Amino acid sequence: MKTPRLPIAIQQAVMRRLRENLAQANLKLDRHYPEPKLVYTQRGTSAGTAWLESYEIRLNPVLLLENIDTFIAEVVPHELAHLLVWKHFGRKAPHGKEWKWMMESVLGVPARRTHQFALQSVRRNTFPYHCQCQQHQLTVRRHNRVVRGEAVYRCVRCGKPLVAG
């Protein structure tokens, strides 16, 4: 799927939110953390990722276009919080107490680990598998590993191997 073109107004709204959150954090933490690089190259079902070493936030343009307001209000500060935790505390658990504190006390945003966006437009084909207790959907990559005999996946609930079909 080709990456959609983001209107400049949306990019500006994202940057505005990022700068507001960063200014707020710098003020509350009495620091001068730099502005991270923002790129719109995230793919798949992830709304965004924070890359610590390159100090970069990657955002999913498809999910952004489909959920503009919620995406800007939640995903941008979520990813910024990861970078700020890394700068302020060093390497910590991705959604640990430091991240939660950064989200809620510093940025004033509810600390949610995952988004609730509809994923139909970004979800790849999946393959049905089952165990004794439920149905599962495996990605193409996992399905191919099963077919080649490279992997056996088990249900986290019952522990039984997953079977195609």
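Cβ from N, Cα, C; glycine included.
Taken straight from Swiss-Prot:
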type     : residues     : note
DOMAIN   : 22-163       : domain 'SprT-like'
BINDING  : His78, His82 : Zn(2+) binding site
ACT_SITE : Glu79        : active site
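Here the features listed in Swiss-Prot are placed on the structure.
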residue : record              : Cβ within 10 Å
His78   : Zn(2+) binding site : 27
Glu79   : active site         : 24
His82   : Zn(2+) binding site : 23
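In the domain 'SprT-like' (22-163), helix, strand and coil residues by DSSP number 54 helix, 24 strand, 64 coil. The average pLDDT for the domain 'SprT-like' (22-163) in the predicted structure is 93.
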